[in-house]
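Per TrEMBL, these features apply:
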BINDING   A:13, A:14, A:15, A:16, A:17, A:18, A:19, A:20  NADP(+) binding site
BINDING   A:107  NADPH binding site
BINDING   A:192  L-homoserine binding site
ACT_SITE  A:207  active site, proton donor
DOMAIN    A:359-441  domain 'ACT'
């Protein structure tokens, strides 16, 4: 192990949960990394905002600097783990301009300014590595960009947010309510004090935009991603799902559609995040706790699934270091980087045009003719009934209420949503208990 | 899509189940592939042994040739899908020597002559792509070589043979006997007329050698892989496993051990293929039918799993085409290829030094003192009992036989095997019903 390797200067921006692990592993495994990269990866500095903030792992104080721009200037590889849009964006563009390859785990930045950063890299033949930005430690970027490059991805269904999977899994296994599990998750550090980014699906939407861009060779703007969170999922919905052999998961879905956005010839895509019913027989149903998984359907390869830890400092550091080794190999080998292909540039359809199946749960007056009225409204709305189950929830003495659970055949979202509005306004429906999409069948 | 791309000449060796799909997809998706590769992939010829043999897909007859050497000479990328050792080895070396990048799905060749082929590529800066050689359509080579390059793989447990998983899964779900399911699998085309390569674990052993070489940066010779098949697995073992919340899977296990082969300081590895008991809670237990999955444990990344179709012409063709696109990008980008690292070159320990836990099922005389004798032999043999269950299988009238099922703590294979020999010879044991390793706990 005494090979006299060329040295590559590695600059690290950020020393938080992931950054401090990256710094630690870079030093701890220096010899092995050198053998694998074909270059000695010399950590030349770590840019931080506060030199005196407490760190999760130990490293020499003299590596710390507050002058990120100076640090970037002398680096061969720049690792950006600061998070946020600015100044991360500015620093990445500077690094690329200065001839460095860049590694980032910044999903918010890539989901909003990806095309700008990829274009900048393309112009100088640099490469942007971001394995850690989509599903933490799970290798999904390389499989999509390289392994499936000769195939056509049809559909991705991902559990890409650990916090919400943790919450939904505990609601499922313990029969607990959302609020209680969330509070517990916050106490245990699985959820942030302000959980909005996770529970409202913002984090998953960023990852969906990144995955869809890559899979469909299309620049997907974040605001084209339909997003719904899980705060309305309650114990009753979970229990009903369990009884039906299903589980509710927050899914990031990226789908290739055979027709274009305006109904004309040509393909389009849909990118959406929402909680959905998934059969317990589906591989995604077996993803427990804070784990993530990305289920990919491709024309030739068929069904693939990638499973692992979606977050965590040291787990995400593994993905970052894999990228650093790739960047180093490229530096040594020479040649230009593989750019992000947006050549297909398919239109992203609005949610109203998405076709899937649904489960509608209604509370209705328990009177003769109600079922016929409900069925009639569905039929007029072009929503075809696949399964229907009616149960009495309160007898005539207490008002006469029945519960109807309808499983639909595939329908167009706009038709479904209009139909549910008409059901709610029909006079026979006391309450629309829930409307959930059914995915993965 | 009218970009004037550079043309790369692609030569295909072999037009069997995978080769004919590759030829078909190369032509069918020519425009998309060109956009992704940054080069037009021109299929210049297909080398076959018999010009008139029937083919699974249609392609122009003028592409066929019996002169593989001539075809190789003019190619930028050579895809070898002939299988077998010779002349595949000779052709790959010729292709590398002529400056081509090569793509192969030939696990038998890589498991036996991998180092020779990788060395030849290293010397000229070419690259060997073999995503399809380890787990069919499942992207596992890139994750191990690139994504986990900054991490340390501790353990791989793979279901890497579809035929045996299909057989074991049907034995498990239908309670059928091995012979009946095998005959059915042969009739359905899931198993070959001569099933030896699958059911005796040879195919899995080749894949284990490839995965271990990559994961541990070590040239693992095929004869260092311990190999056992599944022909001795019967309905009774399957039923017992099911009752205990387990399932029997044929596993390819690649493991990093903290001590060296001779007990001295320094790491070593174990590479082995055998049927083992796996808890139904383990992700590998959910792999049904002819599917494959590779479970990877890494120091930083934690547990990862890669799941998908392990075989099939069109599925494997997806992996091959991904490699072809990668090879084309590298050709366009310039620079030298990433070689196979064997710098760690860890010793491979013999099976006797492997440490795992076991389940031993014995039929014993149902007499006083027998349990004490059995426990004494285990204790002398340094095999520690974790669980023990005794049931009477035949009462005193019919000979007095009891069945003892022993779950052990982890023990060294040599100790276990010596102990089982001593049990068999002890006079109180009528029959050693089964000895199975327990993995994944």
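Even glycines carry a Cβ here, placed using N, Cα and C.
Within the model, the domain 'ACT' (A:359-441) shows a mean pLDDT value of 91, rounded to a whole number. Remark: residue A:15 (NADP(+) binding site) has A:23, A:46, A:48, A:53, A:55, A:64, A:81 as non-local neighbours, by Cβ distance under 8 Å and separation of at least 6 in sequence. Around residue A:14 (NADP(+) binding site), taking its Cβ as the centre, 26 other Cβ atoms fall within 10 Å, counting all chains. The DSSP breakdown of the domain 'ACT' (A:359-441), given as helix, strand and coil counts, is 26 helix, 38 strand, 19 coil. In this structure, the binding-site residues under consideration are A:13, A:17, A:18, and the one with the smallest number of other Cβ atoms within 10 Å of its Cβ is A:17. For the binding-site residues given as A:19, A:20, A:192, the lowest number of other CB atoms within 10 Å of the residue's CB is seen at A:192. The two recorded residues, residue A:16 (NADP(+) binding site) and the residue listed as 'NADPH binding site', have Cα atoms 16 Å apart. Taking the Cβ of residue A:107 (NADPH binding site) as centre and 10 Å as the limit, one finds 24 other Cβ atoms among all the protein chains shown. Excluding the listed site residues A:13, A:14, A:15, A:16, A:17, A:18, A:19, A:20, the same chain places A:12, A:21, A:22, A:23, A:81, A:82 with Cβ atoms within 8 Å of the centre of the NADP(+) site Cβ atoms.
A 10 Å radius around the C-alpha of the residue listed as 'NADPH binding site' takes in these recorded positions out of A:18, A:19, A:20, A:207, in sequence order: A:207. In the shown protein chains, 27 other C-beta atoms lie within 10 A of the C-beta of residue A:207 (active site, proton donor). According to DSSP, residue A:20 (NADP(+) binding site) is assigned to a helical segment. Across the structure, residue A:19 (NADP(+) binding site) and residue A:192 (L-homoserine binding site) are spaced 19 Å apart at their Cα atoms.
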